[in-house]
Structures are given as C-alpha cells and as structure tokens.
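Worksheet: the structure to be examined is printed underneath.
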Amino acid sequence: MSALYGTYARSDLAFERGEGVRLFAQDGTPYLDFHAGVAVNALGHGDPHMVAALKAAAEKVWHTANTFTIPEQERLGQRLVENTFADACFFTNSGTEAVECAVKTARHYFWAKGEKDRYEIIAFTGSFHGRTMGMIAASGNDHYLEGFGPPLEGFKHLAPGDLKAVEAAITPKTCAILIEPVQGEGGVTAMTAEYMRGLRALCDKHGMLLILDEVQCGYGRTGKFFAYEWSGIEPDIMAVAKGIGAGFPLGACLAKGEVAKSMIPGTHGSTYGGNPLASAMGNAVLDRMLAPGFFEHVEKMGQRLNWHLQQLAQRFPSQVLELRGKGLLAGIRIASPVRDVAARLRDEHHMLAMTANENVLRLLPPLVVTEAEIEEAVGKLAAVFEAIEAEAPSKATA
Ligand SMILES: *Cc1c(COP(=O)(O)O)cnc(C)c1O
C-alpha cells in the first residue's frame, strides 16, 4: 500500500533513465515519450548540456535566500527580459505560483494607483491555471473547486472566442483579462491571432492589463519562444513554467516595468524561487533554446506532426474528429474514449501520450523530437485505430 495521497490515478509504470525522446522502464523496456512530463521535458531526457550544468551547479552554492543577490538569477532574468516583451521577472517554483504572482501583480498595480476596487479579472471556461486556492478560482472549473469551501472572489468566466461577450463583461471593477493563448488541459484549443489582437485592443481601450498564462504553450512549444509572438501583440504580464527548467522545478512571472513597479519589498516573496541551483538550470535551458535554429526546428516539427496527423485523419475519418493545437502542442479529438486510447498506446505500443478535456488526445513530445520519431508515434496511433476498427467494424462505418 502506498504512503502517498491518492490524488493521482497512477500507472504502475516506473522509469529509470531516459535518452532524448525515449524513457526506459525499470525492466529496460523503451517508451516513446510524447507526454514529456506534461510539456516539461522540453529538451528530452539526459541532455548532456543539462546534466553537465546540474553537476557544475551542485558543486556551488545550492541555495541562498532572495534577500541576497543571486547572480545566476540576475542573469536568467536579464536574458528573459532581452528576449521578451518584459522588463522585470519574479521567479517561482511552479506554474500555479507564476499565475498567482501575475494576478497579485495586476491587482496591486491598480491598488497602488488608488483604484482599490479594481480587482476583477475576466478569465475563461476551459482554462487551467493550477491548483492553489487562488488558481482554482481563476480556472473556475467546478470539478477543481468542489469541496474546498468558498472560492477566491474576483474572477468572471466567459467562453473563449467571443470578443463582444468580453466587452460586455467589462465593468469599472475589471482590472485584467487572463488567458492561455493555447488552452492545454481544457482541450488543446488555440486562440486565433485575431482574437488575441482583439483582447489586446479591449485592454488598451479600457485601461486594463492583459495577462497570459503561457505555462504550457510558452517556452518554444508552439515554434516561437512564446505563443503571443504569433499574434504580433504583447501582454502586460505573463506566467511561464514547465519548459523553463526542462525538469528542474522553476517558474516565472514576467511583466512590463510600469506594471511591476508597485511590487515593492514586502509585497511578494518565495523562499526557493529562483535559487542558485534552479537559476543555473534555467540558464542552461536558455543556452540550448536561444541557440540559432532551435525554434525553427520546433516550428518545422510542428508542421510535420500536423501533416502526419492530417494523413491519419484521412485514413481514419471515423476515429479522428478534429485536429487542434499549435506546433508541438497537438490535440486530436477522437471518437473512442481517450483514456482507452492512451492506455493502449502505453501498454501495447510503449508510447506515452496525454489526454485533455473534450476527449482530446494530447501530444507534447520533447522539442528536440525528430521527424522519424513523429512518424513512429503516428504509426503507433494508426495501429491503435486499426485495432479499434477491427474490433468494432460496424461502429467504425456507422
Ligand atoms: C500546468 C499548468 C499550470 C500549473 O502549473 P504547476 O507547475 O502544476 O503549478 C498553470 N497553467 C497552465 C496553463 C498549465 O498548463
């Protein structure tokens, strides 16, 4: 019997080592990893540069409090600022803390300007912002809220995609809009560039802040450093995590200087956030990602994945209902129960894939995936669909 909380429906599978896009189970069986620990293992497993960086950092100071200067953190912040819309960063240990910091930053910005009642945030159905009390309220999903008492006040939820509905929901209390440019958990729904530009315009018109949650879709996942780049707009605040440490727990809240400036000593903090060890790993990730050609590779592999999935959709029109997502955050809405398909992929074909809401199979390979590995994965998917159709030929043609 396990000594752990029963919060996860865990498989018995345990992995011992990894190499690139492969994970090796305790009995040595290789698995093709299109799960990447929920979009975290951006550089795959056992990346030599990451391993060397971790060993080097282990020989130095692991941790000091944020009351001292942390040169590795200064450098990581500087590199993020140079490569994004932002002027300032706050480092966290996780995605949910990064979004939490984004919400606190937005509320405090208006409070410091004397607009003390302006704390409401428009967020969206189908979103996922993490599991703290604050962020389950921001997500607004009853499934996560139920049983935990009164939710944090100040979030209004709308279905994404309708700009008129957003404008109608704005009141003098509204301080910001919070959105994932590509909803991950909710069903791999990518917002259009037009919609993102529309949200930016509404924020400008009403003096509100645009907060992006790029915890899952950022850090190269869509083929650009951040997904907002596709729409040509800039947010005021952005939460990032997952790929930022490529497996080392790290997150960050990025903001424009004007917005971050009210976050003075005492307004926020974290014991571990951006400590020397975490920041060294964050810098090692950037060494790899900011190298010439990295994002171009992701964009190209995203296009190849999409092309192969289109072929799959043509071959199995009764199984593949819709292709979703962007780049290497791909969703396939399927006809068969998605949990069964993911379990068959894992148990019969030794491939790891994720699920998302709306019966969507979610593919998030490490960003270093090759086309041969993509073909292998899509071949395994085809084998599963073939077996399903063979078992129920009447259903497949219905
Ligand atoms: C995973 C995720 C979070 C929460 O991140 P944690 O590291 O689990 O706290 C928040 N927002 C989005 C979009 C995510 O995908």
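In case you wondered, yes, glycine gets a Cβ from its N, Cα and C as well.
TrEMBL does not curate its annotations; it predicts them automatically.
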Q. Given TrEMBL annotates G95, T96, D213, E214, V215, Q216, T271 as pyridoxal 5'-phosphate-binding, which of F68, F128, F295, F316 belongs to that site as well?
A. F128
(Q) I'd like to confirm something. Which of the recorded positions, R131, K242, S270, has a Cα closest to the Cα of D213 (pyridoxal 5'-phosphate binding site)? (A) K242
Q) Hey, what's the widest CA-to-CA gap across G95, T96, F128, D213, E214, V215, Q216, T271, the pyridoxal 5'-phosphate contacts in the record, in Å? A) 25
**Q.** Q216 (pyridoxal 5'-phosphate binding site): nearby recorded positions from R131, K242, S270, Cα cut-off 10 Å
**A.** K242
Q) If you measure R131 (N(2)-acetyl-L-ornithine binding site) to T96 (pyridoxal 5'-phosphate binding site) at Cα, how many Å is it? A) 6
**Q.** Sequence-ordered binding-site residues from F128, S270, T271 with Cβ under 6 Å of an atom of ligand 1
**A.** F128
**Q.** In sequence order, the binding-site residues (G95, F128, E214, V215, S270) whose C-alpha falls within 10 A of K242 (N6-(pyridoxal phosphate)lysine)
**A.** G95, E214, V215
